[in-house]
Amino acid sequence: MMLLSIVALPLLGALITPLVSRRSTAILPALIAGAIGITVVSVLLSQAPDVLGGAILIGHYPWLPGIGLSPAFRLDALGLFFALIIAGMGLLITLYAHFYFAGKHGAVRFHSLMLAFMGAMLGIVTSENLLFMLVFWEMTSLVSFVLIGFHQDERPARRGARMTLVITGGGGLALMAGVLLIGNSVGSFQLSDILAPETALTSDPLYPWMLGLVLIGAMTKSAQFPFHLWLPNAMTAPTPVSAYLHSATMVKAGIFLLARLHPALGDTDAWLYSISTAGMATLLTGAFIAMFKHDTKELLAYSTVSHLGLITLLVGLSTRMAMVAALFHLLNHALFKAPLFMMAGAVQKATGTRDMRRINGLWRTLPALTVISAVAAASMAGLPLLGGYLSKKMFFIESMNASVMPPLQWLTPALAAIAGLFSAAYSFRIFHNVFFNGKPQDLPVWPPKNPGVGIQVPAAVLALAVVLVSWHAESVVHGLIGPVASAAAGSALPDYDMHQLHHIGTAFFMSLAAMLGGLLVYMAREPLFRLYDQLPPADAREIFEWLMTRAGGTAERLVHALENGSVQRYIALIILSAIVLAGPVLLSGIQWHGGETMTPVDPLTGLGLVLLMASAVGVVLGHHQRLFALLLLGSAGLFVTLTFARFSAPDLALTQLSVEVMAVIIMMLALSFLPQTTPLESSRLRKGRDLGVATLGGLGVGLVSFAIMTRPHSTIADFFLSQSKPGGGGSNVVNVILVDFRGFDTLGEITVLGIAAVAVFALTRNLQLKDRIPQERDQYWASNPHPLILRTMARPILPIALMVSAYIFLRGHNMPGGGFIAGLITAVALSLQYMAGSLAWAHERMLTPFRPLIGLGLLLACGTGLGSLVFGEAFLSSWFGHYKLPLLGHLELATALLFDLGVFTTVVGATLLILANLGKLMTVHGPGKEIG
Amino acid sequence: MEALYAIAVGVLTACGIYLVLRGRTFPVIMGLTLLSHGVNLFLFASGRLALAAPAVIGESADPTDPLPQALVLTAIVISFAMTAFVVVLALRAAVELRNDHVDGVDPEEDWRP
């Protein structure tokens with residue numbers, strides 16, 4: 001429960017905040033967020049002694065264990081370290097944001113999103129199940145999308161948000177593929193199994209794929225070159241977002257992932273070279289570009305990119321102590337970068353701009369902030385004895401320990417020193433430019449106003465933390481970083497030798513050179529800026545937008561090429577894919593004849609089947625003469641009916657017969673409004689192609705059918721056969737299946753029927769077909785619309801037909817029959833009245849409109865189902881009993897009969913609704929009068 | 001018998017496929033009907049062909065498999081509903097588009113039935 005609350009509390013808070021503080025712009029949302037932050041931090045701290053001592057807390061919450069999907073949380077030293085940064089930093093940011101938004105309207109939305117983000121980040125670092133980690137991972141991408149686009153009405157904000165989503169979302173997809181590969185290989189998605197020493201992922205043949213895909217996920221999230229683009233563009237977000245997501249937390253998720261999976265995937269050459277190359281490229285690019293940015297937040301963004309590169313490089317180096325250096329630098333970076341972002345936000349509030357060419361000499365206005373920033377910037381520059389200096393020196397030492405590319409092993413330390421030089425230069429720049437360097441120049445807000453004490457407090461806390469960590473570096477490294485690094489490495493590491501940091505050796509001189517070089521570069525900045533401006537402009541954002549437009553265009557063309565409006569093409573493609581998928585299996589040498597002896601052909605059945613085929617072929621050959629083809633189609637239906645009857649399916653035969661009658665009537669009605677002939681327009685090639693597809697399809701289906709029929713029959717029917725009488729109370733098993741065993745299916749079935757009928761009703765409404773029927777055709781179709789004999793015969797037939805229908809309905813449970821069939825018979829009998837009389841004549845005599853009939857039937861069926869709930873049984877359980885009644889004799893009553901009555905009513909209503917509305921089109925009233 | 005039955009299923013399917021690949025609405029509707037006949041017979045046959053053995057308790061000693069029958073029964077009713085719907089859709093399309101093409105071409109053709 002404790003582990004669950006770490007993730008659940010912020011997520012819950014995210015939901016609650018907008019509810020409780022809908023109209024207030026007051027302090028409430030910040031209070032909620034703050035309270036949750038404090039709670040989470042204290043829960044984490046209460047576990048810290050155990051966890052740092054090496055304990056791994058795991059909480060399982062079974063959900064879908066069958067497919068390995070159970071939320072499980074895990075708190076070990078590594079997770080605790082990140083969780084503390086996330087929750088602690090979140091707490092400070094909440095405070096900062098409260099003053100930043102200062103009761104403005106967006107505050108509620110911001111705090112809610114912030115809590116959602118915090119919950120998702122905590123989820124990433126405490127997930128035991130990798131699949132759940134993926135969910136949280138995607139959640140951070142989505143929430144950061146919304147947060148970057150916080151000012152939705154600004155175009156750069158939207159573009160920046162979209163770029164972030166595309167890059168981190170794409171990385172998320174890659175990561176998902178990687179995780180699936182890993183889970184597939186290990187056979188479990190639980191970290192305990194994946195990180196277990198006996199797991200040998202690195203020798204898996206798919207290892208390069210796993211590593212590559214996971215790496216893409218990590219690199220996109222942690223803004224590694226060449227995916228770093230989104231981070232500077234994400235600076236359109238409000239500053240609290242930049243300080244939290246883009247310096248302290250989200251961008252560290254990729255590094256967390258690498259550290260987390262290091263025991264399973266690390267310690268190979270592929271790991272070393274791919275990660276350290278990416279890290280080094282990022283470190284250099286970021287540091288170089290940062291120096292030349294005039295916008296405070298953009299400078300900080302590129303500097304973040306560069307520091308992330310440094311940490312990634314360390315994780316990649318995999319030397320014995322590199323993990324310690326990486327994690328220590330990660331801590332330092334979070335501590336010094338966030339106050340600098342907070343400073344940028346406060347300065348923007350004070351001056352109205354972030355342009356360092358205009359902001360100068362603010363030390364008079366903001367003395368406290370000057371001190372805070374001095375500490376943070378000094379740590380970032382790596383000035384001696386501050387945290388940044390120590391971790392950077394660790395980095396220099398590790399870069400020399402690592403023997404990357406043996407003949408060129410000097411390359412890594414050399415590049416590291418160059419990056420350090422630029423890093424020092426931009427650190428000097430952001431501090432000196434903002435607070436000193438002469439006087440401010442035409443600021444939008446003049447004179448600069450003091451943004452207040454509150455907004456500076458969180459930054460001050462962090463600056464104090466920088467000093468404390470630097471002061472107690474040894475205990476921090478031994479007490480906190482050591483256990484965390486051991487957890488990341490998967491085995492206990494020895495204590496880091498802190499004395500080498502105070503040793504005056506190569507690393508010391510590297511630091512010194514970087515510092516002095518940085519100072520020189522900063523002093524020479526004016527000519528350097530001019531030089532930089534002369535470089536060819538390569539706006540990555542434009543390239544990205546161009547790529548996006550191109551991708552969109554290509555997708556559109558592809559869709560147009562595939563989806564040209566031709567139904568034939570779609571159907572042909574579907575059938576062809578079925579043939580391509582199934583064909584090879586059929587041709588793979590399996591025995592078509594399954595070995596069962598075939599029943600002998602008796603002449604009558606054989607003749608029926610031959611006539612069936614002849615009718616079907618006749619439909620195809622004669623389909624240009626539509627009426628003729630339709631008659632043959634009806635004959636095919638009749639032979640299908642006979643086939644069912646012959647092979648022991650009386651229910652099917654009855655159903656097919658009545659359906660066939662109705663279907664032919666409907667098509668006949670439609671045909672009177674459509675062309676009577678189909679023009680001969682298919683080309684020879686087209687016909688050949690279609691014939692080929694049809695032959696292959698028919699051959700395939702026929703072969704499969706043959707293969708099935710000649711194989712031994714194994715079925716679950718025995719259950720139905722044995723339970724029909726004792727369980728369902730009926731001896732017609734087909735009907736008992738329909739109304740009892742599989743009653744739920746039938747309920748769905750009649751619902752579909754009802755919907756189709758109502759759709760027909762809606763489509764025929766206002767359908768103007770009158771002008772489609774020319775006079776001379778009227779003659780042909782309706783010279784004698786209601787023949788006398790038919791009219792006379794139809795009336796006495798009706799009561800007889802209804803009686804038959806009632807009989808079929810009642811006996812359905814025990815003998816062939818039932819609601820479907822009885823409903824269709826009734827519908828046929830009634831539609832005969834429509835044909836024999838006129839539509840208006842028949843309709844006047846209808847007792848009820850049809851649409852309510854459909855509803856009634858569905859209600860009856862549902863009600864019967866729900867009724868069983870009243871008796872504590874499952875939905876649609878049936879009940880039956882036997883009674884002896886006077887006159888009627890023995891009678892069996894079953895609730896299934898009620899259900900079947902619902903089926904009956906729906907079928908009658910739906911069928912007549914369809915038929916009457918189609919017939920209506922023929923009448924002089926046209927669509928004017930509504931029927932049904 | 002099984003072989004002949006399978007051939008019939010194949011022929012029905014092939015005829016159905018050929019017709020649904022035509023470019024006008026009415027043949028397509030007829031094709032759908034033939035196709036559903038083929039599919040229904042195919043499903044039905046998965047319960048094997050039995051003579052004089054309806055799945056009614058007490059009618060025969062060895063009743064045939066009732067399950068495919070129940071499936072096919074609902075399939076018949078549903079395909080009827082679908083046929084009706086497609087028919088009306090074709091009518092509606094014929095009126096709105098003033099032609100009965102389903103092949104994506106849009107000829108300037110105003111037909112008279």
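Using N, Cα and C of the backbone, Cβ positions are placed for all residues, glycine too.
TrEMBL: automatically predicted annotations, no manual curation.
Features of the protein shown, as given by TrEMBL:
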type	residues	note
TRANSMEM	A:26-45	transmembrane segment
TRANSMEM	A:79-101	transmembrane segment
DOMAIN	A:127-404	domain 'NADH:quinone oxidoreductase/Mrp antiporter transmembrane'
TRANSMEM	A:131-151	transmembrane segment
TRANSMEM	A:299-317	transmembrane segment
TRANSMEM	A:323-347	transmembrane segment
TRANSMEM	A:410-431	transmembrane segment
TRANSMEM	A:452-473	transmembrane segment
TRANSMEM	A:604-621	transmembrane segment
DOMAIN	A:611-676	domain 'MrpA C-terminal/MbhD'
TRANSMEM	A:628-647	transmembrane segment
TRANSMEM	A:653-671	transmembrane segment
DOMAIN	A:685-767	domain 'MrpA C-terminal/MbhE'
TRANSMEM	A:691-709	transmembrane segment
TRANSMEM	A:788-808	transmembrane segment
DOMAIN	A:789-912	domain 'Na+/H+ antiporter MnhB subunit-related protein'
Inset, instruction - May I ask which of the stretches A:131-151, A:299-317, A:323-347, A:452-473 has the most CB pairs under 8 A with the transmembrane segment (A:79-101)? - result: A:452-473
Legend entry - Top Cβ-contact partner of the transmembrane segment (A:452-473) among A:299-317, A:323-347, A:410-431, A:604-621 (pairs under 8 Å): A:323-347
Legend entry - Beyond the flanks of the transmembrane segment (A:299-317) by at least 6 residues, Cβ under 8 Å: 218-219, 222-225, 228, 231-232, 234-235, 242, 246-247, 251-252, 254-255, 258-259, 262, 271-287, 289-291, 293, 323, 325-326, 329-330, 333, 337, 340-341, 344, 356, 380, 392, 395, 398-399, 402, 404, 419, 422-423, 426-427, 429-430
Inset, instruction - May I have the DSSP-based helix, strand and coil counts for the residues of the domain 'MrpA C-terminal/MbhD' (A:611-676)? - result: 54 helix, 1 strand, 11 coil
